[in-house]
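Structure first, then comments.
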Amino acid sequence: MGETEKIETHRIRCFSKLKMFLLAITCAFVSKTLSGSYMNSMLTQIERQFNIPTSLVGFINGSFEIGNLFLIIFVSYFGTKFHRPRMIGIGCAIMGLGCFLQSLPHFLMGRYEYESTVLGNLSSDSFLCNENGTQMFRPTEDPSECVKEVKSLMWVYVLVGNMIRGIGETPIMPLGISYIEDFAKSENSPLYIGFVETGAIIGPLFGLLLASFCANVYVDTGSVDTDELTITPIDTRWVGAWWFGILICAGVNVLTAIPFFFLPKTLAKEGSKDNADIVKNDKEEKQKEVKKENNGITKDFLPFMKSLFCNPIYMLFMLISVVQFNAFINMMFFMPKYVEQQYGKSTSDAIFLIGIYNLPPICIGYIFGGLMMKKFKITVKQAAHIAFWLSFIDFILYFSCFFMICDDSSVAGITTDYKGMQQELYIGNVILDDCNLGCNCPTKTWDPVCGSNGLSYMSACLAGCETFVGTGVNMMFHNCSCIQTSGNSSAVLGLCDKGHDCSMMLQYYLILSSISSFIYSLSAIPGYMVLLRCIKPEEKSLGVGVHAFSTRVFAGIPAPIYFGALMDTTCLHWATFKCGESGACRIYDSTNFRHLYLGLPAALRGLSYIPGIFILIILRKRPLPGENTTSGAMPIEAKVTGNECQEMDQTSKVSSNDVLKTKM
């Protein structure tokens, strides 16, 4: 075999290995986003399983980012010095371990017990309106019964497991993207990153479908007779089989790790046509190794950090990311809860609808964004304008969501009086009325029924019902003194349906959400390329890591916590433990919940466009590298403050007309 044939064979092998890495890293993005989207979708189930407030659920969710913080800077900078594919593989395996740990509480704690006036009292009828009966479910101060509630502390396993999962996820993004940037053609990298980001959408699609299935299966299925249950998936006390999906995620993450241990540390630059390019790439890598041994691995860390912090475009972009991540994290994590509370859907239906309506448009938007960057050879300035204006159009459309609303669920004693008139404010003990004062009903137990008058009641007893027929979810209550109708005053288990008009509003909301998702995802790749192209090549991995670190510290960790705490302020009725302390929220004030869920992200997104305008101004006033050169040589360094928008290939000899082609 001749020298030329050897070079060609080597080039083809490097090219195929790059494709193998693209496939492996895409699978890694699928597995990590599968786990993440599933976990985010199960937050409501975890809240009910452990009977904890939304603010604590937000902290559990933020623990993933805390784990990520432990290593993000270290991995982003030092990871490029080591074997990047193997580090990614180790990370995937650790994610699998974290998922397994999260599922342990289901096997360590007893069966899930939900509050009910019916269970255990069918033979005595003591759960109905009975003047001679004894009040059930009165909070107790008996220490022996209070100890039983310690099992709710099992949520600590979920928190620690989520933190470990965050540690494992750390190397995938910065090392995977930098590996592609280092060994792919500069004009191909946007397309490759677009495909990788598509994997980050396919994962959530499968994750949401899996979550929708698991949320519809009772948590203790197989160990309890589901025919005896008095709740359905639409009930706020229902808990799905959240642990089952997490075990599936654990297995997927471990399998994804395997291919990375068979990939090389370095490759020849894609498109290399001669032996000189290949030798040069290997020589540069060896020089880096020698430099690391002679000068120490941390020599360039502080200079690199200083260079990044002195880069105005990079810092402004990071500010935009932090503000917008605060908005989108809140919207994304709590969207299932919003659909449940606003439109009266079950967790399973909410997750399924969100996945079907939102993820395909996002996937298409990422692909078209990458193709657009490649086909039209879009410059950094053009990419910045595309990202800004598409995002702004989406922001304007977002305000239409404020008009796609439903009324609060009508629950006597909480959102309305017993005549169905809306209450302006829930004040103290107004749960009782003349029609049920003599029934000796529990006033804190949430076991709702829907009356034949279209009004819901906290329990059959509070509806004044005296008799019942049927079992399980098919129970029907009769002779209800608080239900004033011309015919038989009866009630069935569960809250009343919100009606056809509310279902139509949900359809409008989901369609608008689909359009909005496509527009915003179309701007994502151009925006991300602005970040990548405004960092020196040797600083790229560290820059991506610092960017990820900042968004986690100032958005990923605090956002779910403070947003969950704000949501708790809109709660109208809390579950109650045997010792009297509050548990998970059973019903929210839909109006205030909507204003909070939609209003706060709108305010944050509006603020994020201020630094965006400054980026456009800087890019307009300051020449980019190579734009004003006439000598035909690409400048080695940017001649602007902060070395913004450094070119990928600093050694190429190209004409001034070819400069724009190398930017993307």
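A Cβ is built for glycine as well, from the same backbone N, Cα and C atoms used for every other residue.
Listed in TrEMBL:
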TRANSMEM  20-39  transmembrane segment
DOMAIN    21-623  domain 'Major facilitator superfamily (MFS) profile'
TRANSMEM  59-80  transmembrane segment
TRANSMEM  87-108  transmembrane segment
TRANSMEM  154-180  transmembrane segment
TRANSMEM  192-219  transmembrane segment
TRANSMEM  239-263  transmembrane segment
TRANSMEM  313-335  transmembrane segment
TRANSMEM  350-371  transmembrane segment
TRANSMEM  383-405  transmembrane segment
DOMAIN    429-484  domain 'Kazal-like'
TRANSMEM  508-532  transmembrane segment
TRANSMEM  553-576  transmembrane segment
TRANSMEM  596-619  transmembrane segment
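Counting only same-chain residues 6+ beyond the ends of the transmembrane segment (313-335), those with a CB under 8 A from a CB of the stretch are 40, 43, 58, 61, 350, 354, 530-531, 534-535, 543, 546-547, 550-551, 554-556, 558-560, 563-564, 567, 597, 600-602, 604-605, 607-608, 611-612, 614-615, 618-619, 642, 644-645. Across 20-39, 154-180, 192-219, 239-263, stretch 192-219 shows the highest tally of CB pairs under 8 A with the transmembrane segment (508-532). Outside the transmembrane segment (383-405), and at least 6 residues removed from its termini, the chain residues within Cβ reach (under 8 Å) are 342, 372-373, 505-506, 508-509, 512-513, 515-516, 519-520, 522-524, 526-527, 529-530, 533, 594, 598, 602, 605-606, 609, 612-613, 615-616, 619, 664.
Contact between the transmembrane segment (350-371) and the transmembrane segment (20-39) is not supported, since fewer than 3 Cβ pairs fall under 8 Å when only residues 6 or more apart in sequence are counted. Within the chain carrying the transmembrane segment (192-219), a Cβ under 8 angstroms from the stretch's Cβ atoms is held by residues 22, 25-38, 41-42, 45, 49, 106, 112, 176-177, 180, 184, 226, 229, 233, 238-245, 248-249, 346-349, 351-352, 354-355, 359-360, 362-363, 366-367, 369-371, 373, 521, 524-525, 528-529, all 6 or more beyond its ends.
Pairs of Cβ atoms less than 8 Å apart link the transmembrane segment (553-576) most often to 596-619, out of 20-39, 239-263, 596-619.
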